[in-house]
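Peer 1: According to TrEMBL, the protein has these features:
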REPEAT    17-48  repeat 'WD'
REPEAT    63-94  repeat 'WD'
REPEAT    105-146  repeat 'WD'
REPEAT    147-188  repeat 'WD'
REPEAT    238-271  repeat 'WD'
Amino acid sequence: MSQISITNDNPKVHVIYQGHKKPITGISFNPNNQQFATSSQDHNVMIWTKWNDSTRNGPTYQFSGHKDVVTCVDFSPNCSLLASSSKDHTVRLWVPTILGKSREFIAHTSSVNTVNFLFDGLKLITGSNDKSIKLWDTETGQFIASYLGHNNWVRSAKFSPLGNMIVSCSDDKTVRIWDTVSRELVHSFHGVKNSPNSIALHSNNNTIAVAMNSGSVRIYDIRNKKIQQHYHAHDNATCVDWHPKANYLLSGGLDGKVKVIDIMEGRPLYTLNSEGSIAYCKFSCDGDFFALTRNDYKDKIIEVWKTNFISYI
């Protein structure tokens, strides 16, 4: 993990993008650092290129095909595919070029809330309001396996960085860890009075961050199966994401606050206050920027912020 220093400058808005007709539900940065994608309630997916160039402020590609709200997007690690999930029960695999060719498959019997690629891009997982998590072959679109056990909507499901585990969170107020190969439940974190909204896995393959609708952000250790840290960060925490090169955690909430927490020191590095509740937050793949979207029906923009981090080896 790189060494990170912090400048005296505060994070600042680098560029604002606008193009969706309804609120944005998700963001994914392409590992090539040239594109990011957004999903929206307007049923569309948009890809924005050269996003770190402040002179560019429009979408390069708009992909249409979903028949309901697009809930999530995720770029494959090799940059060749973009997956999107929707309330129309389907998943689409797009080629992120101007032609926007896609393959569609019916993934669940209810809304598909989340989609995530394995590190090699050959498999992906989906989570749904039908309470299941499913594993798919990205080359054929064929179903491989189900992971069953949640008894309410699955909000998020993600592969661990090494791909040996799947971590999921649900409205059944649990965070669950699954063995990818055996499909067995490894552990379930219970004991919370409120539901988790979002999860993020650290690159160390052992640490989970969870945004709770109680407002707290929880850090769990997979190895000892215990909670490590707990922060009351928001009125309702909606999103979390790890910095790719450091032990910094980005979080957002319905209170309009965005925080970056230094997990090693156990304190927020800074808090940004904004108008409107935060729907989604995401670091860029190099960690030099982060993007924000809001829940406000009138607010259909993506803000890309420049961090005050400087990384060095």
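Just so it is clear, glycine is given a Cβ too, placed from its N, Cα and C backbone atoms.
Curation does not apply to TrEMBL; its annotations are automatic.
Quick caveat, the model's predicted, so the values are computed rather than measured.
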Peer 1: Counting only residues 6+ away from its ends, which parts of the chain sit with a Cβ under 8 Å from the repeat 'WD' (105-146)?
Peer 2: 68-69, 71-78, 80-81, 83-87, 89-91, 93, 152-159, 161-163, 166, 168, 170, 178, 180, 183
Peer 1: Could you tell me how many residues in the repeat 'WD' (147-188) are helical, how many are strand and how many are coil under DSSP?
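Peer 2: Counts, helix then strand then coil: 0 helix, 22 strand, 20 coil.
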